[in-house]
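Quick notes on the structure that follows.
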Amino acid sequence: MAAILHENCSGQYHHTQVNQPREISCTLLLIMLGKVFLDFFMLQVKQKNVRVSFMGYFCVSLAVLDFTFLMSLCFIFYFEDFALWGVRFTKYHICLFTQIISLTYGVLHYPVYLVAGLDYYMTIVQTSQFPKRGQRLLYVFAVVVIWMSGFFCILKLPAVYEELEIQNRFSPYQCPLYASAQSYSVSCAMLLLIGTALMACRKEVTTMLLSVRMVSFASQPVLMFSSVSNNNGTCFKWQLLTRLLICFLGTWAPFVLFQIIILFLGAQIPAYMEMNVPWLYFINSFLIAVTYWCRCHNVELTDEMWSTDPFVSWKFCFMPFNNENTEPADKPGTVIVIC
């Protein structure tokens, strides 16, 4: 694990050691305040009429946990030195709790993405937008188990506890935090897959982007791409991959570029910041696209089926189309409207 040392708020190093813990706490509080605001902002602006999923429940739980953690830090920061239920809390617990949260968040990437991927793979063919009560309870149970397993794994490992104790003993005026190796590997794998897909479909993507037009469909502005349909199974999967790439990058291209910059610069983001709601929804869209492509022959193209992503519209409408600049052809073309 790569340690990241947080210094004081102002970036100056000539302050006395007595003030340094308070300045470190100030930095952590400001960062968590910004993160909590971003979490609830994403939950507020997302589409509401989407099918519930495990990732949706986990995002809500993460926002609630971040808010609870922020309130705890504010309480300790304000009172500084107090006893609660026989336990004495001081300003150094702000760093300790942040380290525990960072380590816990850092080990949850793989299990969360695995469960979310399996959830979409098994439920993407469902035509009902409202799952049964048992399925909702299963999502809640899975979220609780993952959080409890993560905290249990961190708090019960002797090596982790000893490492935190040694660092707090020899670095009492710094707060070493950790970047998640799981998040780094997931970012690399996603960028590799997206780049490979773009290279494989570069001609189709270029052709569709050059033909894009903004039109009005069902009283709503939509993007229209000209394309020729093909009933061959292999060709259909490649055409679907092109359309999924355009939909995904049309929404998350800035986020993909941001990930490229972070990896290129070798920046290490603390795990308590890296696990956030925008990042989870970015992963969520990627998992949905992969599932659509893998199960394209088992998916029934209905309006409810496409209502699975709070941010990306995966819905395609196919309409007859004749090019106004050419003579009528024997075989009409096709227009793909992303609604």
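Positions of Cβ are set from backbone N, Cα and C atoms, glycine also.
Now, the feature entries from TrEMBL:
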type: DOMAIN; residues: 34-292; note: domain 'G-protein coupled receptors family 1 profile'
type: TRANSMEM; residues: 55-79; note: transmembrane segment
type: TRANSMEM; residues: 91-116; note: transmembrane segment
type: TRANSMEM; residues: 137-161; note: transmembrane segment
type: TRANSMEM; residues: 181-201; note: transmembrane segment
type: TRANSMEM; residues: 240-265; note: transmembrane segment
type: TRANSMEM; residues: 277-293; note: transmembrane segment
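Comparison of 55-79, 137-161, 240-265, 277-293 by number of C-beta pairs under 8 angstroms to the transmembrane segment (91-116) places 137-161 first.
Counting Cβ pairs under 8 Å to the transmembrane segment (55-79), the top-ranked stretch among 137-161, 181-201, 277-293 is 277-293.
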